[in-house]
Amino acid sequence: MLARKDTRVKSDFSEIIISLASPESILERSRGEVTQPETINYRTYKPEMKGLFCERIFGPVKDWECHCGKYKRIRYKGIICDRCGVEVTEKKVRRERTGHIELVIPVAHTWYFRSLPSKIGNLLGFPTKKLDQIIYYERYVVVQPGIKAEEGLSYMDFLTEEEYLDILDSLPRENQLLDDSDPKKFIAKMGAEALEFMLSRIDLDTLSSELREQAHTDTSQQRRIEALKRLKIVEAFRDAKTRIANRPEWMVMRIIPVIPPELRPLVPLDGGKFATSDLNDLYRRVIIRNNRLKRLIDIKAPEVILRNEKRMLQEAVDSLFDNSRKVNTVVAEGSRVLKSFSDILKGKQGRFRQNLLGKRVDYSGRSVIVVGPELKLHECGLPKDMAAELFKPFIIRRLIERGIVKTVKSAKKLVEKKTPVVWDILENVLKGHPILLNRAPTLHRLSIQAFQPKLIEGKAIQLHPLVCAAFNADFDGDQMAVHVPLSHEAIAEASLIMLASHNILNSANGTPLAVPTKDMILGLYYLTKGRKSTPEHPVKGEGMTFFSAQEVIIGIDTGQVSIHALVKVKIKDKDEQGETIEHIVDTIAGRVVFNQYVPEELGFINELLTSKKLQHITSQVYRLVGTSRATQFLDDVKSLGFRNAYKAGVSFALDDIKVPTIKFELIEQAQREVNAVQENYLMGLITDNERYNQIIDIWTRVNTQVTVFLMQELEEDRQGFNSIFMMMNSGARGSREQVRQLGGMRGLMGKPQKQLQGSVGEIIENPILSNFKEGLDVLEYFISTHGARKGLADTALKTADAGYLTRRLVDVAQDVITTEEDCGTLRGVTITTSINKDEVAESISERTLGRISLNDIYDPVTNNLLVNAGEEITEEIAAYIESVGIESIEVRSVLTCETRRGICTKCYGRNLSTGKLVQIGEAVGVIAAQSIGEPGTQLTLRTFHVGGAASSIGVESNIQATDKGVLQFEDFNTIKTTNPQGEQLDVIISRSCEVRLLNPQDNRILMHKHVPYGAYLRVKQGELIEKGQEICYWDPYNAVILTSIDGEIEFHSIEEGITYKEEYDEQTGYKEKVIIESKDKTKNPSITVKGSSGEAINYNIPVKARLIVEDGTKIKAGHPLVKIPRVVSLSKDITGGLPRVTELFEARDPSNPSIVSEIDGFVTYGPIKRGSREIFVESKDGIRRKYLVPLSKHILVQDNDYIKAGYPISDGNTSPSSILHIKGPIAVQEYIAKELQAVYRLQGVKINDKHIEVIIRQMLSKLEVIESGDTTFLPGQTVSKFTFREGNDQLLDKKVVIDAGSSSVLRVGQIITARALHEENSNLKRDKLSLVQARDAQPAIARLKLQGITQASLDTKSFISAASFQDTTRVLSEAAIRGKRDRLQGLKENVIVGHLIPTGTGLPRYSKMIIGLREDYENLVASREKQAATDNI
C-alpha cells in the first residue's frame, strides 16, 4: 500500500467550508475499498479481510501488532506486513481512517431529492413525484432526443417501458452504435444515472440568465415563483464556485465513504452476543446489494431483475443516509427503526447537542445542600470525603513533593486510608483554589457560581443563605453539583469573575439578588419596628434621650431599653449635600442597632425595614462603597436578621387571622346588586354577556374592599405586631392574595379552558364567599379544586415550553458580543416615561439609567449642560432629569448600533451585573437571552402558589385626570345627546379623538389618551379640572354605532334567516336580532337614518351586532343603533403570559389580525367583492389605498372619517409586521418591548429594556429584497443589511450593456465600469463600427424584515450554529450546495469545534499577546534602542 499524506486537520483553523464531496475527494481520503459485508470472524473474533472492520484498510486492532501476528512491538513502527498487509501502528488510527464502497451504478443522495425543496428537482425543473419515478426506475427520461426530435420527442420527456421499446425498435440499427456525444444519437435513461447525465450537462450561467429573464417577464405569478425557486438553487451553485469546486452532478454518488470502525463499534457483550452500531447493518445491506448487482450484471441477468436490484440498492443507500424520511424504513428485530447518519446528527440525542455542545465533565461530584448560616458570602461547606476525592491528584502530588511517599500508587493508598497528613495537605491545597457550584436547571449565569470551599464533616454541601435566590435553591432536598477548575486560567476566572461575592447584582435588571429574605428580613423588620407603651404593655426605655449609639446598645444589652422603644439619639448623619453632620433624631432603639452595620457613607437609616427597602439599601451600599464592603454589610445583616428572628419568636396561630366584621355587610350588598343585574337580564335590558361581565365586576370590587378592610384590621391588631401581618408586610412570606384567602374571601375562581383565548366563562361567576379560617362548604370546595389543579397541571406542562423559549433566545442571540468601543452612529432611540393604564410603569430615570446620551442634554430651567453626548447617564443625572421634568431623551441603543459584527459598548451602555460600562468581549446576547428566559420559567411556576384564585383584569370604562390641569382635545367631533340615565351630555363621534391634559403654568403635557368613539363627555374643551375628575366614560362591554342626525330609521337587507337571526333567551323570554354572515354575498345589512330636511346617512352593520332599534321608528342624534359585544374579563395568569411572550418573539401574526391604514386620510366605502368590503383611504395629497375587509369583521371606521396611518380599519390585534412597514423599526421595537413588559410586569418581574432590544436587533437584522435591480440578489431573498449594502455598492457608477453593437468583447446584460464602456466605444468609433449602448446599473430595493427568533436562528451566518439548533439535515444540505463558509465568529460554533469562545480573554485580539515581566520588557526596549544607536553610528 502506498504511503500517503496525513489527512488529519490541524486544530488551529479559523474557518470551515462545507461542500459536496466529489468522488475523487472520497477516494483520496479512503484507505481501501470495502467489498465484503462481513464484520468479524465468529471463531477468532478478528476482523475479516476486505470487510467492514478490515485491519488492512482501517489499521490494527491492537497497538503495534499486525493481523497475523508476524510483527509485534513498537520497533516495527510503520512497516506493512508482507503476509497480511496490515500497517504496524497505533490502534487509534481506527478512529480516523476511512474506507469506501464503489457502487456499480450511480445513486442519488436522499438529502438532495427527498427533503423539500428538492435540490435536484429544482435544478432540473422536475416535480418531486416525477423525480421519484426516475430514481426508482419506473420511467425512462429522454436525455438526448437525437433523430427522434423530428417526431416531436424532446429533452426531458418521460417514457413508459413500452414507449421506450417501441422507439428503440423504430430506430435505425446504426443509431445505437453512435458515440454518446453525437447529437444524432437517441438516448433515454432511468435511475440516478439519468440524473447524473443531465446534471453534468447543465450550464449554470446560461440557466441562470434564462430563469432571471423568465422571473422578470413571465405574466403568470405561479411560473415566476417557480422560476425564482429554481434560480435560488442555481445561484447557490454559482456562488459556491467562487470559494470551492462544487458540481451539481456530485449530488449523485458513485462512491460512498465508509466511516472509521471505531465510530461505529462492535462491542462483545456477556454470553457471546455482540452489540453493534446500526450503521454497520445499514452498510452491510448496501454492500450485499451492490455485490449482488455486480454478479447479476456479470451473468447478464434480464433487465427486470436488474432494475429491481438497482432500485433496492438506491433504497439501501437512502436508508444509510436518512432512515427516518422513507416510507419503508429499515428496522431491526423488535421493529426498532435503525439509526442512520441523519438520525445520529439531529435532535437532542444527536451528535451536535449530546456530544459536542453538552459534554460530561471530569472532577465533579454532587450532593444534597443544607444551609450554612455562619459562612461568609464567598464560602461554601464541602464535605471532607468529597473534597479528598475531587482534589486527589493535587494531594498525590503534594505527598510525593514532601517525600512522604515515593510512588503514585502508594500515595493513592494513603489518600484512600484518609490518614491525618492527607487532611493537612488538603487544607493547603484548598487555599485559593475555588470550586464551582451548579444547581440544575441552569437558567442564567448565576446558576453557576464559585466559592472558596471550607472542609466540613458530614455528607451534605453547605450553602450560604444569601445565594439561594440566585440559584433558586431551597433546602427541601435540592442537590447541587461541584466542579473543580483545574488550569490556572480557570482558577483565575473563578476567583475574579465567578466568585459569589462578585455577583451581588442581577444581570436582568441591575437590582441586588443577594438580599436577606425569609426569616432574616422578618428579624430585621421586627428589630426596626416601633411600639408605643400601653397600660397593659409598657415599653422599657420609651422617650429616653441618649448621647450616642453606643449608649443605646448598652441599654439594650443590660435590659434597660426595649428594641421597640421610641428614643432620641445623637448620631452622625449625612445632609443633602452629603456632608457629615451630628444631630439628634427621633428613632427606635432597634434601628440604632441596625445602623451599626451600615457604612457611614449612607448616613443614618431611620426606616422600618422591608425586603424592598433593604434591596434599595443594598444597591446603594454596593454603589457607594464597592463590592468588598457590600459583602461585609450583607454578611452582618444576615447574622443580625437570623438572631432577631430567633429572639422575636414569631409564630403562626389561627387566632392571628382576623376576619373583618364588615365583610358580611359588603357581601349582602353585593348580593343585592347581583340580583338587580339578574333582574335587568330577565327583563331583557341587557344581554347574557353583559350580565356575566357585570357580575364578575361586582364580585371583583367587593373582594378588593374586603381585602382593604382585612389589611386595616391586621395592621391595627397589637400595634402591627400581628405575626401574619409582619410576615406579609415585611415581605418575608405570603402575599396579600394569600392573606386575603385566609381571612377575607377566596373570591372568584378560574376554571380550566380548552382554548387559550378567553371565551365567556373563563371565571366561574359564583365566588367563594368563605375564607380558609371559616372553612369552605362542599360546593365551594369543589369549585376550589378546579383552580388548584389547573395550577399544578400548568406547572408540569409549561416548564418545558419555558425551557424551549430560553433555548431559542440563546440561539438567536449567541453571537451578539461587544466587539468595539464606539460604532460612531448618529442615530438612537427616544425614551419617555412608560405608562401602563394611567400608572407610571417605569419612570424616565429608571429607563435611561446606565444608557449613553445621544445628544448634549441641557437643564430646561437654568440651561446648564447636564450630560455631554456620548456620556453615561448616572443615577444622580437620571434623578435630576426626572425632577426637572424633561419628558423625553434620545439615547444610544443596540437597535441603531452600526457595528458590523456584534455591537459596541456605547450603544449597549451599562453592564447591569457590575454597574459599570460594559467591557469589550462581553457576551451580551447570551445574558439578554438568559435574563428573558429565566423569569419565563419562573412565570410558569408562579400559579402554583395562589391555588387557582382568579384575578380578573379590571375593564377600562372611563378616563380620569391624573393631575390638575387644562383639557385639550384633538380631532374633536361631538353631538349633544341624552345618555341612558337621562343626563344631557356630549358624545364623541370621531374615531381618532385624543385628549391631552396640560399643566396650566408651562403647557407641559401631563397625560395623553385616546378617547374611544361613543364616549360620553363630562367636561368641556379647555376646562380646568382637578386630579381624579372623570373626563369621559363609555360602555366597556359593547362597541356601538351612533347616529349623528335625528330622523327615521330604514333597514336595508336586514332579513330574518338571511342576514340576521333572532336569538331567543329561554330565561328572559326576550328575542334579540343578531346580524349573521349571509350566504348571499350581495346582501349587505345597513341602516339609513333619514333626516327631516331630506339628508340621509347610511350605516353599515357588522356581523355579531345586536339591533336595538326597529325599522320605521324615530331616533334622536347621538343614540345607538346597534351594540357589538366586546370580549372581556379574561383571567390573567401566566398561561396567557408564556404563549404571549412566544407569540411576540416568534413575530407571529395574530389569529385575527386587524387591517391597518398605511396613510393618513379620509375613508370612503367601496363595493363588496368576493365576501369582502372594499375600503378606500385617500390622503390630502391624492394618494389612494384600497383595503379589503372580510364582511365577518367589525369595521371600526365609517364613511368620511379622517384616520391616521397605523389606525386599525377593522377589529383584531395589530400584527407586528404591519407596524414595521407602516411606522418603522423603532415603533415595532417599542410595541414588542411594551407588550412583553406588560406580561412580565403582571408577575412583578423586572427586565431591563436593553435585553429585549438585543433580541429585537437580531429579529430585525435582515432585509427582504423587493426588486433585485442588476444585483445578484433574487426578489424575495432574505439578506443581511451589510451584504445588501455591499451588493449595491458594487454597482456604483457601473453600466449595464443593453446593445453590444459591433463589440466582440461585451455581451448584452454585462455589467461594466463607465471607463471600460468609454474605452470600448472609442475603439469601435475609430473602426467606424456601431457603438455599445448601455444604461446605469440599477441597485436593488429591499425592506426590513421582521423574523421570528426560530427563523432568525436558522438564518444565522454560521451553518454550524444553525445545524445544531434545528432542521439539521436541511441546514447542512443547503449549506453544502452553497459551499458555505463558517468563519467561527459566534459562541456555539466555537464550542462545537473545540476552540476558545470569542468573548472575554478568548477574543482573537488577545490570543497573540505575549505575557512576561515588566523588567524583561524594559530591558528588551533598552537593548533595542542601544542596538539602533550603534547602527546609526
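Backbone N, Cα and C atoms are what each Cβ position is placed from, and that goes for glycine too.
In sequence order, MET49, GLU55, ARG56, CYS66, HIS67, CYS68, LYS70 constitute the residues six or more apart from CYS84 (Zn(2+) 1 binding site) in its chain with CB-CB distances below 8 Å. What Swiss-Prot records for CYS66, CYS68, CYS81, CYS84 is Zn(2+) 1 binding site.
Applying an 8 A CB threshold to same-chain residues 6+ apart, the list for ASP474 (Mg(2+) binding site) reads CYS468. If you look up Swiss-Prot, you'll see ASP474, ASP476, ASP478 marked as Mg(2+) binding site, on the strength of sequence analysis.
Spatially close to CYS823 (Zn(2+) 2 binding site) yet at least six residues away along the chain are CYS897, GLU898, THR899, ILE903, CYS904, LYS906, CYS907, judged by Cβ distances under 8 angstroms. As annotated by Swiss-Prot, Zn(2+) 2 binding site applies to CYS823, CYS897, CYS904, CYS907, with the evidence given as sequence analysis.
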Least buried by Cβ count (within 10 Å) of the binding-site residues CYS66, CYS907: CYS66
Candidate with the highest Cβ count within 10 Å, taken from the binding-site residues ASP476, ASP478: ASP478
Output field, Zn(2+) 2 shell: CB within 8 Å of site CB centroid, site CYS823, CYS897, CYS904, CYS907 dropped: GLU820, ASP822, THR825, ARG892, VAL894, THR896, GLU898, THR899, ILE903, THR905, LYS906, TYR908
Which of CYS68, CYS897, CYS904, all binding-site residues, has a Cβ with the fewest other Cβ atoms inside 10 Å: CYS68
Additional residues around Zn(2+) 1, ordered along the sequence, whose Cβ is within 8 Å of the centroid of CYS66, CYS68, CYS81, CYS84: GLU55, HIS67, GLY69, LYS70, TYR71, ASP82, ARG83, GLY85, VAL86
Listed in sequence order, residues not in ASP474, ASP476, ASP478 with Cβ within 8 Å of the centre of the Mg(2+) site Cβ atoms: ILE369, ALA473, PHE475, GLY477
CYS68 (Zn(2+) 1 binding site) in three-state DSSP notation: coil
Surrounding CB atoms that lie within 10 Å of the CB of CYS81 (Zn(2+) 1 binding site), all protein chains: 20
